[in-house]
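According to Swiss-Prot, the protein carries these features:
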type	residues	note
BINDING	13-19, 41-43, Arg306, 332-334, 415-417	GTP binding site
BINDING	Asp14, Gly41	Mg(2+) binding site
BINDING	Asp14, Glu15, Gly16, Lys17, Asn39, Ala40, Gly41, His42, Thr130, Arg144, Gln225, Thr240, Arg304	IMP binding site
ACT_SITE	Asp14	active site, proton acceptor
ACT_SITE	His42	active site, proton donor
BINDING	Ala300, Thr301, Thr302, Gly303, Arg304, Lys305, Arg306	substrate binding site
Amino acid sequence: MGKNVVVLGTQWGDEGKGKIVDLLTEQAKYVVRYQGGHNAGHTLVIDGVKTVLHLIPSGILRDNVKCIIGNGVVLAPDALMKEISMLKERGVPVEDRLLISEACPLILPFHCAVDIAREKARGNKAIGTTGRGIGPAYEDKVSRRGLRVGDLFNAELFAEKLKEVMKYHNFMLTEYYGAEAVDYQTTLDDALAMADYLKSMCVDVTEMLDQARKAGENILFEGAQGTLLDIDHGTYPFVTSSNTTAGGVATGSGFGPCHLDYVLGIMKAYTTRVGAGPFPTELECEIGDHLGTKGHEFGATTGRKRRPGWLDAVAMKRAIQINSLTGICLTKLDVLDGLEEVKICVGYQQPDGTVTTVTPLAAEGYELVTPVYETLPGWSENTFGVTSMDQLPQAAVNYIKRIEEILETPIDIISTGPDRNETFIRVSPFN
């Protein structure tokens, strides 16, 4: 009997999901992306060689794994082609292992133009999007004017639909934002030029996954971004445009939720956030500099510097609730090496002086709270590359145990470096 495992981020993204997906796919037959787009940045390091994937599932580096892009993903054909070319140059076979849902909404050049124009218009209230058209593409989907991958396979109908949607977006660009219009003919020609190539990879994803489940295959669902960026449950409006939580698996792939066996939440040993938005445990001091420098905290997609802070157990408890986490993978433990003390946020002090252990429902509430910390001794020993609990310094072991106690959730996997080998699995999600 196969296992169906979800791997997702529990914080504001950048938790190290790509590495863990790559590690676990040694036991999986299928890896499925179910939300987001090429705003994701999943970094894999294998034998010292770094690969950054934005759209293609991280299982692509395992020769025996089929990679699926589900209907919940907004797909930029040009970005997909670039990523495929990059992988092929490295000798990674792609076409016979990458499968795509025809129902994926398309990201086209006008989506990117609107995204950039909108961020510019927001001024100092900008959300900090990647500028890759993710939000506008999801807007088109919800408004029922969006174009999907399957539309490309009828050139005449696609041209008509494209003309209509571009009338709307070009009007917004020129009349509201004062930006340049996007050329219709160029957009049409470029999109149709990729139609046959995309068609060769399209399948009925729901049917394929159901057949794989019935055949007893192991399936891994790969989340992008993180729980606190979820459009419904995150620090709204400083969020992404998709459901990054476990509930997004079913809607974004057509896989029945009752068939999910294990949900693994990826959590850094501290917290980071990239872009704008509230961040109660943010450290704008030497310790923050230590975390940012030692952790190489720069966005894999945008290159922007990430904002570091202490581990936020209040936010983590909400992530555990929303996702029904089975277990946690703790990453970047080694980044805490050399600190005299480490802190865990165990509560939020509100303006009236009361302390809560429940997260606010919107960004404004986060901005009003002050973190309440529990302080533990740090450690000077090196944990980089350690692959068993008995090799860790006692202070690091105590930190891990205390996190488990506070969160009431087991830490089943621990990562102590960027390479797939710098990890130890205490409990495997597939066993």
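Backbone N, Cα and C atoms are what each Cβ position is placed from, and that goes for glycine too.
Counting only same-chain residues at least 6 apart in sequence, those with a Cβ under 8 Å from the Cβ of Gly13 (GTP binding site) are Ala224, Gln225, Gly226, Leu229, Val274. Within 10 Å of the Cβ of Asp14 (Mg(2+) binding site) there are 29 other Cβ atoms, across all protein chains.
Classification of Asp14 (Mg(2+) binding site) by DSSP places it in coil, neither helical nor stranded. Looking only at Cα atoms, Asp14 (Mg(2+) binding site) sits nearest to Arg306 among the binding-site residues Gly303, Lys305, Arg306, Leu333.
Across the annotated binding residues for IMP (Asp14, Glu15, Gly16, Lys17, Asn39, Ala40, Gly41, His42, Thr130, Arg144, Gln225, Thr240, Arg304), the two most widely spaced Cα atoms sit 34 Å apart.
Nearest in space to Thr43 (GTP binding site), taking C-alpha to C-alpha distance over the binding-site residues Thr130, Gly303, Arg304, Lys305, Arg306, is Gly303. Thr416 (GTP binding site) carries neither a helix nor a strand DSSP state and counts as coil. Taking the Cβ of Gly303 (substrate binding site) as centre and 10 Å as the limit, one finds 9 other Cβ atoms among all the protein chains shown. Annotated pair Gly41 (Mg(2+) binding site) and Thr130 (IMP binding site), C-alpha to C-alpha distance, rounded: 11 Å. Lys305 (substrate binding site) carries a strand DSSP state (E or B).
The secondary structure of His42 (active site, proton donor), as reduced to three states from DSSP, is extended strand. It is 12 Å from the Cα atom of Asn39 (IMP binding site) to that of Gly303 (substrate binding site).
Of all the binding-site residues in the record (Lys19, Gly303, Arg304, Lys305, Leu333), the one with the smallest CA separation from the residue listed as 'active site, proton donor' is Lys19. Calculated from their C-alpha atoms, the gap between Gly16 (GTP binding site) and Lys305 (substrate binding site) amounts to 16 Å.
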